[in-house]
Amino acid sequence: MIDHRRLRVALLGAGSVGSQVANLLLTQASELSERAGADLELAGIAVRDVDAARDVDLPRELLTTDAESLIVGADIVIELMGGIEPARTHILAALNSGADVVTGNKALLATHGAEIFDAADQLGASVSYEAAVAGAIPIIRPLKDSLAGDRIQRIFGIVNGSTNFILDKMDREGLSAEEAQRIATDLGYLEADPTLDLEGYDAAQKAAILASLAFHTHVSLDDVHREGIENITADMIDGARRAGFTIKLLAVCERLEGEDGESISVRVYPALISREHPLASVHGGNNAVFVEAAAAGDLMFYGAGAGGIQTASAIMGDVVSAARRHIAGGVGVGESPRQSLPTAPIGRIMTRYQVTLEVADEPGVLAQISGIVSEAGVSVATVEQTPSSDAEGRAHIVIGTHRAREQALSDTVARLAESDVVERVVSVLRVEGE
Ligand code: NDP
Ligand code: HSE
């Protein structure tokens, strides 16, 4: 039954996602009101420049630069401005004035999530953020609700579409990093500040949000070990392909058991994935997230990780839920109680590695390298040497290890780098998904 008192919806931002959300609110009003149980009235849209060109034509009279006034009296505030300020201040003001909040702002939640969720809890309001991780893919609600009774061991996957697009172009079309990045830029895949994507910040923000939900612990961006794709070269992609791997920028959130109790590891880095693994088939700007839960087993979530209209779908799902809650009354569904699990340093993780060294192509070199590696307690699984093709007689040796602790591996790499026989450590890549 529809409640005809109407809910006032304030939209902050009309960029790629916001303009599509506004369009859906305006063009699908009657269907949405049936689903939400009340009319959703778009009260206004706050932007920086009311005359700026938009992806979608929006009624001029709805646009305003006065976000503060728009928030007053709103039942639902949709924040799609991005960034930390003024988004943070507007969200807190919205909660304080009794509104439920819907946002896609991963940067804000990964840094000020605790403050915002605490405010919502105290005020009995809800903050929904399905769009903040992996765009259109429903992953927040499954973690928060569907899997709330399970014990999540590990989440890993591709949560940044633009870097996946770049790595995929390099892998499938043999492009250089610069060429692939140029195409990604031309297609509008990269953030306005491309370092957010290329250096792994965007993926790390999403990893922090996923880990917070999975482990019922507040995880912020500072807790995430982050490496980006800026050092991945066409040669590395080529070497990975020859060894049966592809390189993907992965987010990994993992529960670790130790003598001193449980901890968690949250990390983002480019890693080798077997070409047989389902993640190897995630092409272009798509995202995929694997969840390993004690009772449910392995679950995979796949689809569009970005895009205005795709992300608007996730926003609208949250808007309909927020409207239903607003009509039903009662307090919002808060974040789950905090367990406060400590974050383990990167040195604690265990995985396989592939280390590529440039060496002099001379007798005895391989034996010396094997000696250094085994002395450090890292077990070698494979060694491959590519014959020297340069005039100076240098060859590449690729060492694949068995599972080893990161600290032992990095100590080994440091000793290799210092040894007389190694000219250069070309790359060190982790192997994931095994
Ligand atoms: P855009 O940069 O395209 O749009 C931002 C909008 O916010 C613009 O309309 C801008 O106004 C407005 N805005 C920014 N700052 C202010 C301000 N100080 N006062 C008033 N208005 C302001 O962002 P997106 O639509 O791409 O992203 C929105 C949010 O959704 C971000 O948090 C992003 O991380 C998230 N997200 C985006 C995805 C995507 O595919 N784009 C996917 C998943 C999440 P004006 O137009 O006048 O400049
Ligand atoms: N820059 C992000 C990406 C946008 O490439 O995935 C979606 O969050």
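Quick reminder: no glycine exception, Cβ is built from N, Cα and C everywhere.
Remember, TrEMBL labels are computer predictions, not curated facts.
Annotated features in TrEMBL:
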type     : residues                                               : note
ACT_SITE : Lys206                                                 : active site, proton donor
BINDING  : Leu12, Gly13, Ala14, Gly15, Ser16, Val17, Gly18, Ser19 : NADP(+) binding site
BINDING  : Lys106                                                 : NADPH binding site
BINDING  : Glu191                                                 : L-homoserine binding site
DOMAIN   : 354-433                                                : domain 'ACT'
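Non-local neighbourhood of Lys106 (NADPH binding site): Tyr129, Ala132, Val133, Asp202, Gln205, Lys206, Ile209, each in the same chain, at least six residues away, with C-beta under 8 Å from its C-beta. A Cβ distance below 6 Å to any atom of ligand 2 is met, among the recorded positions Gly13, Ala14, Val17, Gly18, Glu191, Lys206, by Glu191.
In sequence order, Leu11, Leu12, Ile45, Ile78, Leu80, Met81 are the residues near Gly18 (NADP(+) binding site), counting only same-chain partners six or more apart with C-beta under 8 A. Mapped onto DSSP classes, the domain 'ACT' (354-433) shows 24 helix, 35 strand, 21 coil.
Annotated pair Gly13 (NADP(+) binding site) and Glu191 (L-homoserine binding site), C-alpha to C-alpha distance, rounded: 16 Å. Sorted by the number of other CB atoms within 10 A, the binding-site residues Gly13, Gly15 start with Gly15, the lowest. DSSP assigns Leu12 (NADP(+) binding site) to a strand in the three-state reduction.
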